[in-house]
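What Swiss-Prot records for GLU114 is active site, proton acceptor, and it gives sequence analysis as the kind of evidence. Annotated active site, S-methylcysteine intermediate per Swiss-Prot: CYS363, in sequence order. Per Swiss-Prot, [4Fe-4S] cluster binding site is recorded for CYS134, CYS138, CYS141. Annotation source Swiss-Prot lists S-adenosyl-L-methionine binding site at GLY186, GLU187, SER218, SER241, LEU242, HIS243, ASN319. Taken from Swiss-Prot, the feature compositional bias 'Basic and acidic residues' covers 371-389. According to Swiss-Prot, the feature domain 'Radical SAM core' maps to 120-358.
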Amino acid sequence: MSEVTTQSKPERRKRQKLEDMEGYKPSIYGLTRDELIDWAVEHGEKKFRATQIWDWLYKKRVQSFEEMTNISKDFIAKLNDNFCVNPLKQRIVQESKDGTVKYLFELPDGMLIETVLMRQHYGLSVCVTTQVGCNIGCTFCASGLIKKQRDLTAGEIVAQIMLVQKYFDDRGDGERVSHVVVMGIGEPFDNYDNVLRFLRTINNDNGLAIGARHITVSTSGLAPKIKEFANEGVQVNLAVSLHAPNNDLRSSIMRINRSFPLEKLFEAIEYYIQTTNRRVTFEYIMLNEVNDHPENAQELADLTKKIRKLSYINLIPYNPVSEHDHYSRSTKERVAAFYDVLKKNGVNCVVRQEHGTDIDAACGQLRSNTMKRDRQKAVAEASGKSEGK
């Protein structure tokens, strides 16, 4: 993602740490079940109280401690003194004709993040954000228009799932979030510990119980973290944002490739496959006359040949971003020709189905557009006050 930033000068000042903000309390969603039990015991309660609280949070999905009717007022006071439940505020909801829902949430420090709900044939899938902004350096992506401001806490990541589920709970239609993809704004493995805690929380059988095989984490290619992740024992799916079949091209569109070129990346991927015996999915965004030539498809087939039985390639239509107008979407004919080369080489691949094309579809676009409007409004208000003096 590029170095372009749309922040105004006042926003560039050093930000106050979240935990130093007056009145800040972390979300209780940030605790694992074992940590919640330990905390309850340390505060004079029996272990079963923590189990009751966990059930209120993840099975009954309450939004305040006061709704926990079998918890004493004294213990509720302790909870309120130390935690909040959901730290996010809903700013904008956009619903597409195809059922895709895009949410803009405000964090306790006023920063904005996006979350997307996609209706699939197999259920409801939520795409969560893990960082405010991104420093990875993909030149085609809306997420990196704002540099990374901070990591999200584990509680803030879990809270996205909980608010999306609340959206459907309030509608009363009984629909449940069944799948999660960690593919929103930010690089998940650059916020490794919080993402791992999030995964273990939503996968917990006593809580949301989202199956590991229904969870996918996407990385742009932090090779050392891929190896580390292989040893964590979490059986979730791994996706790698590849987007180019050779180092020269990949380095030109993804800055991370300069640190972890394809040789290092594929060494880590092979280690992951050998360690977990799990398939890896490669994401390949189709950029018109950039990475969509038939020879690029042949290079991609050759690159993945060694791990063909345990790999899969998603060809992704590009969602244009106004700030990156030097890129455009590959034509259907070019995508079809690229796909045909892969299939002739025996590659498992698919052209990804698009979602939410009639709303701010590209990752980071809703947030970026909202920030622009907020700044324009602030400038207009400041100008009006100045003229009124």
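Keep in mind that glycine also has a Cβ here, set from the backbone N, Cα and C atoms.
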For the S-adenosyl-L-methionine binding site, please report the maximum Cα-Cα distance among GLY186, GLU187, SER218, SER241, LEU242, HIS243, ASN319 in Å. 19
Return the residues near LEU242 (S-adenosyl-L-methionine binding site), defined as same-chain residues 6+ apart in sequence whose C-beta is under 8 angstroms from its C-beta, sorted by sequence, else 'none'. GLY221, ARG250, PHE282, GLU283, TYR284, LEU300
HIS243 (S-adenosyl-L-methionine binding site) and CYS138 ([4Fe-4S] cluster binding site), Cα-Cα, nearest whole angstrom: 10
What's the CA to CA span in angstrom from CYS134 ([4Fe-4S] cluster binding site) over to GLU187 (S-adenosyl-L-methionine binding site)? 7
Just name the most isolated of the binding-site residues CYS134, CYS138, going by other Cβ atoms within 10 Å of its Cβ. CYS138
Integer Cα-Cα distance in angstrom, SER218 (S-adenosyl-L-methionine binding site) to CYS141 ([4Fe-4S] cluster binding site): 15
Please name the residue among the recorded positions GLU114, CYS141, GLY186, GLU187, SER241 whose C-beta has the most neighbouring C-beta atoms within 10 angstroms. GLY186
Note down the number of other Cβ atoms within 10 Å of the Cβ of HIS243 (S-adenosyl-L-methionine binding site), including every protein chain shown. 24
Sorry to bug you, but what's the C-alpha spacing from HIS243 (S-adenosyl-L-methionine binding site) to CYS141 ([4Fe-4S] cluster binding site), rounded to the closest Å? 12
